[in-house]
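*Asks:* Have a look at the structure that comes next, please.
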Amino acid sequence: MALMAVNTRCLCLFLLCTITGHSLEIKVNPPQDFEILDPGLLGYLYLQWKPPVVMDNFKECKLEYELKYRNVDSDSWKTIITRNLIYKDGFDLNKGIEGKIRTHLSEHCTNGSEVQSPWTEASYGIADEGSLGTKIQDMKCIYYNWQYLVCSWKPGKTVHSDTNYTMFFWYEGLDHALQCADYLQDNEKNVGCKLSNLDSSDYKDFFIRVNGSSKLEPIRSSYMVFQLQNIVKPLPPEFLHISVENSIDIRMKWSTPGGPIPPSCYTYEIVVREDDISWESATDKNDMKLKRRANESEDLCFFVRCKINIYCADDGIWSEWSEEECWEGYTGPDSKIVFIVPVCLFFIFLLLLLCLIVEKEDPEPTLSLHVDLNKEMYAYEETLC
């Protein structure tokens, strides 16, 4: 029994040494010359590397690379598995960028086991020129009705009076970054930009940089990256109509706003007001049917607004509210009486007025009496003679 136990321990030790030795032999190096490059496209960066130095017995193996990257203040990494030697993506250049990469050996080269190299890392950041107080404030961009983009900002808190700002933009399809050609101004200072005719710019990262100039100090640049379809503010719905069916059902209709947005891309929010009560509803259609809360209500109105739905964008901006549309009510006996009474009063007044006019046109009774008296006197005198 003792001999069997010794043999078992020896066998286990031999297998462990064999496995360990085999694992130690399968190594792969990390990629070489990993770096993050800025081609001047306002945040669209290149992460590139060169293949690792590969041992002779792995030269026929296909290598894969596991790439992780993020802005330095982010809690999560974005992970990509690729066989290419370059990867491109957009970043927020207001913050630093960091990335790391390692090599993967395919399983058929390692007898089914996973083998990765150590990580190699790289980072990138824009040198901060100018104090934080010189950077623009409250930058906002809205893509109105999917037709034109308006960005606005306020000057930095500590800038001098000679400071002015310029805006550049880029998206995939442009050869290089372009400067705004239509600035919004206040006291001859640029406080915004309007961009039209942004062909083929939807569903792509849209990059913006606003920098400034002053003779007295450097101005810190500000960066933004977004996708246009996520900041669309449509026009409000038009041609509202409301009716009541069967004294209970409220039927509301409206037309989609004019412009290039497909009707299937809208979602709507409706506010119904019945006397002193109001409530909200939502729909993706341009009509809705609801039940009345009070059958005797005299005041029944609604208004509606819209934005891009989740099928066409990840986010959106609500339009302004439409004009309020109210129900005109029944045209039954009660409403007829309300209409007929003032009409009758009007005609009575008109008839009285005509009678007064006709009465003024008749001969005066005094004149007629005077003529008759003269005739009587004349007849009486003839008899005496």
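Every residue, even glycine, has its Cβ placed from backbone N, Cα and C.
Checked Swiss-Prot, it gives:
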DISULFID  Cys61-Cys109  disulfide bond
DISULFID  Cys141-Cys151  disulfide bond
DISULFID  Cys180-Cys193  disulfide bond
DISULFID  Cys265-Cys312  disulfide bond
DOMAIN    30-130  domain 'Fibronectin type-III 1'
DOMAIN    133-221  domain 'Fibronectin type-III 2'
DOMAIN    236-334  domain 'Fibronectin type-III 3'
MOTIF     318-322  motif 'WSXWS motif'
SIGNAL    1-23  signal peptide
TOPO_DOM  24-336  topological domain 'Extracellular'
TOPO_DOM  358-385  topological domain 'Cytoplasmic'
TRANSMEM  337-357  transmembrane segment
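Show me how these features fit into the shown structure, please.
*Replies:* In the shown protein chains, 19 other C-beta atoms lie within 10 A of the C-beta of Cys141 (disulfide bond). Secondary structure at Cys141 (disulfide bond), as computed by DSSP, is strand.
Non-local neighbourhood of Cys193 (disulfide bond): Val150, Cys151, Met167, Cys180, Asp182, Tyr183, Leu184, each in the same chain, at least six residues away, with C-beta under 8 Å from its C-beta. DSSP gives Cys193 (disulfide bond) a strand state.
Reduced to three states, the DSSP call for Cys312 (disulfide bond) is coil.
Within the chain, the motif 'WSXWS motif' (318-322) has long-range Cβ neighbours (under 8 A, six or more residues past its boundaries) at 233-238, 240, 254, 257, 269, 271, 303-307.
Across all of the topological domain 'Extracellular' (24-336), the predicted model scores a mean pLDDT of 91.
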*Asks:* Calculate the distance in Å between the alpha carbons (Cα) of Cys141 (disulfide bond) and Cys61 (disulfide bond), and round it to a whole number.
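*Replies:* Their Cα atoms are separated by 49 Å.
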*Asks:* Taking the Cβ of Cys61 (disulfide bond) as the centre, count every other Cβ atom within 10 Å, in any protein chain shown.
*Replies:* 18
*Asks:* Reported in the order helix, strand, coil, what are the DSSP residue counts of the motif 'WSXWS motif' (318-322)?
*Replies:* 0 helix, 0 strand, 5 coil
*Asks:* With every protein chain in view, what's the tally of Cβ atoms within 10 Å of the Cβ of Cys109 (disulfide bond), excluding that atom itself?
*Replies:* 17
